[in-house]
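According to TrEMBL, the feature active site, proton donor/acceptor maps to Asp154. Annotation comment: TrEMBL describes Asn10, Glu390 as Mg(2+) binding site. Per TrEMBL, ATP binding site is recorded for Lys17, His214, Leu215, Gly216, Asn217, Gly218, Asp288, Met289, Arg290, Gly336, Val337, Gly338, Glu339, Asn340. Annotation comment: TrEMBL describes Arg97 as substrate binding site. Residues or ranges marked as site 'Transition state stabilizer' by TrEMBL: His186, Arg247.
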Amino acid sequence: MTATRVLVLNSGSSSVKYQLLDMADSSRLAVGLVERIGEEGSRLVHEPLAGPGAGGGRRERAEVIADHGQALRAVAEELAADGLGLDSPELAAVGHRVVHGGTRFTAPTVIDDEVLAEIRSLIPLAPLHNPANVTGIEVARELRADLPQVAVFDTAFHASMPEHVARYAIDAATAEKYSVRRYGFHGTSHAFVSRATAALLGRAVEDVNVIVLHLGNGASASAVRGGVCVETSMGLTPLEGLVMGTRSGDLDPAVIFHLARVGGMSVDEIDSLLNKKSGLLGLCGDNDMREVTRRAEAGDESARLALAAYVHRLKKYIGAYTAVLGRVDAVVFTAGVGENASVVREATVSGLEELGLTLDPEANAARSPEPRLISTASARVAVAVVPTDEELEIATQAYALVTQ
Ligand SMILES: Nc1ncnc2c1ncn2[C@@H]1O[C@H](COP(=O)(O)OP(=O)(O)O)[C@@H](O)[C@H]1O
Ligand SMILES: CC(=O)OP(=O)(O)O
Ligand SMILES: [Mg+2]
């Protein structure tokens, strides 16, 4: 029997998303999510899509899940209950989303002790993400020691950014000493979506220039020229750039000095403020765009402000990346907000007609899980909604590596 299955683990700061895929036909055998890890109300939602458990629908396990280790053991149990356990000889690899790969990892990598140590050493550059990724790898190795574990890095797709884009304009020796440069994140999504957009336009990826707006809890924009990333909005860490659910995105770095000197705040307090209590949450008290748009439509002032700030930042990046690319073929919305929030798309594109962007309101309002155009037929620049599939992309890259 050839092993064609890949288990993909996407461990976030307080969640684990997972999918078991069969790469023989790219089908999904099981999908699930553990959320609110280490918080009140943690739960696991599991859905078998193939095998003996298929057809049984979603199962939910509401229990205290204290850490990522416990979460992954619970996931392994659920898969085993469906005859899809980690002991299956059909499993070819586990693919891990690893958020920060530093300058060393610019391609998918089979994880050995040394690679794991290096991923661990990058924790200071992604303190919200890499610790969970490390635990995911450790537990998966524990559960199935002989199985190849593959790391697929969020930063990899952005490694192609030119040096003058990746560098901050600070003292070169200091930057070198502390690895201070722009790395970029969500690369797996930006890569997948930029390729899918070329397919949607019916053109070769080498021939199209796209601006990808990945708007999830974390959000980032990228400029992709002919399939190669030339600029992205996140930097040293996933804090730079767009207004996000709980992160501030761009601000004057002097805000930090000011809060420390005048506000008496510690570095850790400011870190937590900017990463966890800012963005939409900071502006209006809600980080979920569904809630923000609902409140804004009901006339709530702070929600309107938060939405306006979110959209304004997006417009700035679309303008900037239009200048970077010179010619733009498509602006693409993806991830939770990008795929679902027609209000955000409408507000973002509105007023950008001079840049060649015009929405078709009906197409924008329509809901579909398929990649689709939402611009008018005559618009110079296509506007599209392209659902991202980081899990499929991770599985594809991991499987290619272990079967090459
Ligand atoms: N129907 C919707 N309308 C508006 N926003 C939505 C909708 N569905 C999901 N979202 C937003 O998508 C966000 C999550 O996006 P997702 O890509 O799943 O994020 P992540 O992978 O970073 O957890 C949620 O915070 C929510 O605000
Ligand atoms: C890198 C990053 O911001 O990831 P997420 O959107 O999953 O938080
Ligand atoms: Mg995401």
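The backbone N, Cα and C atoms fix where each Cβ goes, and this holds for glycine too.
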For Asn217 (ATP binding site), which of the three DSSP-derived states applies: helix, strand, or coil?
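Assignment for Asn217 (ATP binding site) reads coil.
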Whole-number Å only: compute the distance from the Cα of Val337 (ATP binding site) to the Cα of His186 (site 'Transition state stabilizer').
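Per the Cα atoms, Val337 (ATP binding site) and His186 (site 'Transition state stabilizer') stand 14 Å apart.
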For Asn10 (Mg(2+) binding site) and Lys17 (ATP binding site), determine the Cα separation and express it in whole Å.
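Cα-Cα, rounded: 5 Å.
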For Lys17, Arg97, Arg290, listed as binding-site residues, tell me which one has the smallest number of other Cβ atoms within 10 Å.
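Taking Lys17, Arg97, Arg290 as the binding-site residues, the minimal 10 Å Cβ count falls on Arg290.
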According to DSSP, does Arg97 (substrate binding site) fall in a helix, a strand, or coil?
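Assignment for Arg97 (substrate binding site) reads strand.
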Of these recorded positions, Asp154, Asp288, Glu339, Glu390, which scores lowest on Cβ atoms within 10 Å?
Asp288
Less than 6 Å between Cβ and the nearest atom of ligand 1 is the rule; apply it to the recorded positions Asn10, Lys17, Arg97, His186, Leu215, Glu390.
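So the answer is none.
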Could you round the CA separation between Leu215 (ATP binding site) and Glu390 (Mg(2+) binding site) to a whole angstrom and send it over?
13
Could you tell me which of these recorded sites, His186, Arg247, has the fewest other Cβ atoms within 10 Å of its Cβ?
Arg247
List those of the binding-site residues Asn10, Asp288, Val337, Glu339 whose Cβ lies under 6 Å from any atom of ligand 2, in sequence order, or write none if there are none.
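Going through Asn10, Asp288, Val337, Glu339 in sequence order, none turns out to be close to ligand 2.
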